[in-house]
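Participant: Handing you this structure, nothing more for now.
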Amino acid sequence: MAAAWMAPAQESVTFEDVAVTFTQEEWGQLDVTQRALYVEVMLETCGLLVALGDSTKPETVEPIPSHLALPEEVSLQEQLAQGVPRYSYLGQAMDQDGPSEMQEYFLRPGTDPQSEKLHGKMSLEHEGLATADGICSMMIQNQVSPEDALYGFDSYGPVTDSLIHEGENSYKFEEMFNENCFLVQHEQILPRVKPYDCPECGKAFGKSKHLLQHHIIHTGEKPYKCLECGKDFNRRSHLTRHQRTHNGDKPFVCSECGRTFNRGSHLTRHQRVHSGEKPFVCNECGKAFTYRSNFVLHNKSHNEKKPFACSECGKGFYESTALIQHFIIHTGERPFKCLECGKAFNCRSHLKQHERIHTGEKPFVCSQCGKAFTHYSTYVLHERAHTGEKPFECKECGKAFSIRKDLIRHFNIHTGEKPYECLQCGKAFTRMSGLTRHQWIHTGEKPYVCIQCGKAFCRTTNLIRHFSIHTGEKPYECVECGKAFNRRSPLTRHQRIHTAEKSHEPIQSGNVSCESTDLIQHSIIHTESSPVSAVNMETPSIAAHSSSLDINGFIVEETLPL
C-alpha cells in the first residue's frame, strides 16, 4: 500500500518514494538507539507530508479500504470500553491468533504475513515494525499528529493510558510479549506518562494507587496497626516488616557468614562487608563509603556548616539526631540495657556491639588471613596491618599512624601537654593509661593474674613476660650462636659476648666483666662479703643456690654460688 498526494499539474509521488522500510531480519539487527532514530525520521517525514496534505484536503489521499477502516462514530474511549487496545490502531485486537486483515494491510508489500509475526501474539506495529506508509496513512485518515499515530492517540490523555496500563479490561502489555527483551525495548520507546499529580507537593505517579499511598504522608493517616504493641503504620509493607521484630523472623540469610536479617536491604548492605564494595564515592575528595548514610554525612562536611551545636560543650553536628545522641553523654543517661548482663549503654549501636560478646558473633572476617572480628572498627584497623596504610600523619614531624587516637596521643609530645594528673602525688601523664597504671602504685592493685601460679602483676606486659616461664617459650634467639631466651633483655646482654662489648667495670680490679651478674660475682672476691654490700646497691635477698635480682628494671634469673 502506498499513500500518495496529488498536486495540481504535478506528477503523482507515492510515499514509498521517500520512505525507508525494513524487513523483519533487518529490523532485528538494529539496536534501540537506531530504531528510535528511524522512528524520529519517519515521523518528521510523515509530518511534512501531512502538512502538504492540508492544502489539498484529505479527498486527494488514496483512502484505506473501507472494509478495514474504523467507523467514524466509534471513539477511542468506546474502543477501550469494548476491550480494544490502542495499539491495534484500527480496531483489530492484537492478542488474537494470526495477523488480522488490518495487520496484513500494514505489512510491507510482497512479504508473507506469517513470516512477519514475532513470537506468537506480538504484532509488528506494536514492536515498532509497522512500515512508515502505514503510520502515515493513519495520520491522514484520522487527522492526528505523528506522535498520536505512533503511540496510539496519546492526545486523549492520561485516562486512556491508565485504562490500558492498569488493565481495566484485563489487558496487559506482558500478554503481547513472550520474550522479556522485547518488552524492555518497547518500554524504552514508549514515553513514561505520570498522569496522577499530588495536589499537596506536585509529585507525579504513573498509577492511581501509588498516588493514594503517597497522599497518606500528607494526611498523617496510619491505618495499619500492630496487634502486638499497637504501633501504627501508613503502609502494609511497613507493618509486615515491623511484625518480624516480634516473631523474630529473619528470612534473609547471608551466604558468606550465615548471619540473618529481617530486611532485604540490611542483607544487601551487610554483604558489602564481605565484598569490600564501596559504591558511594565523594566527588570532592574521592573518598568511598560502604553506606549511603556515611556518604551523605561526609558530603555535608564539604558543603555545610554544623548547624546543631551542643549547649554544654559547643560541639557541632550536621544532624539533630546526632546532637540528641551526644547530649546523653552530659546527662549520664544510659537507656539501652543488655538483657544478658544488665550493662547499660547510651547508644543503641553500642548495645548491639556488646551483645555480640554474649552471642560470640564475629561478622567481620578479614579476606587476607581469615581472622574474624566483633566490631567493624577493629576489622578496619586490622586491615591496615595488611595494607600498611597509615592515614593519620603528624604535621609537626611527619610521623604517620594507622589510628587517630595514636596521632592525638603522639601530638602531646610536641605540645608537652600532660592532661592526666594523679590526685595522690600530682604526677602528670600524657596518656590516661599511664595515669591508671601509676595509680595502682598507690592502691596496690595488681589486676593481671597468672592463671598457672596465681602471681599478680600491674601491667599486661609483665604478665606476658612471666607466662613464658610456664610455656617454656623462648622467642628471642641469638643470630650468632642460636641460643634462645624468653626475654629480650637477656638476649641483649648475651649478644655483648659476641660483640666484645664490655660495658661494666669492677670496683677494685682492672678486669672487665661482660654482664652485670659477672660484675657482682667478681666483686665478691675483693670484698669477701655478700653481693649486696659488695656492689652497695639495693637488691633482693639471695636464696640458697637461686635468686631473682632486679637490676636496672630487669628481672634476672641466675644461680649464684654462696
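Note that Cβ sites are derived from N, Cα and C of the backbone, with glycine treated the same way.
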Participant: Please find, within the list 42-64, 65-87, 364-386, the residue stretch that Swiss-Prot describes as zinc finger.
Facilitator: 364-386
Participant: May I ask you to name which of K172, K203, K225 Swiss-Prot has annotated as SUMO2 cross-link?
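Facilitator: According to Swiss-Prot, the SUMO2 cross-link annotation belongs to K203.
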Participant: For the candidates K209, K231, K315, K395, I need the one that Swiss-Prot annotates as SUMO2 cross-link.
Facilitator: K209
Participant: Please report the Cα separation of K306 (SUMO2 cross-link) and K287 (SUMO2 cross-link) in Å, rounded to an integer.
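Facilitator: The Cα atom of K306 (SUMO2 cross-link) is 20 Å away from the Cα atom of K287 (SUMO2 cross-link).
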Participant: Could you tell me what the rest of the chain brings near the zinc finger (420-442), counting residues at least six beyond its ends with Cβ under 8 Å?
Facilitator: 409, 412-413, 458-459
Participant: Look over the recorded stretches 224-246, 308-330, 336-358 and say which has the most C-beta pairs under 8 A to the zinc finger (280-302).
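Facilitator: Most Cβ pairs under 8 Å with the zinc finger (280-302) come from 308-330.
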Participant: Let's see if you can do this one: DSSP helix, strand and coil counts over the zinc finger (364-386), in that order.
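Facilitator: Output for the zinc finger (364-386) reads 11 helix, 4 strand, 8 coil.
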Participant: List only the single closest residue to K250 (SUMO2 cross-link), chosen from the recorded sites K207, K305, K362, K371 by CA-CA distance.
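Facilitator: Closest by Cα: K362.
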Participant: What does DSSP call K209 (SUMO2 cross-link) in the simple three-state scheme?
Facilitator: helix
Participant: Grab the same-chain neighbours of the zinc finger (364-386) for me: Cβ-Cβ under 8 Å, and only residues 6 or more beyond its ends, written as numbers and ranges.
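Facilitator: Contacts with the zinc finger (364-386): 256-257, 273-274, 276, 353, 356-357, 402-403.
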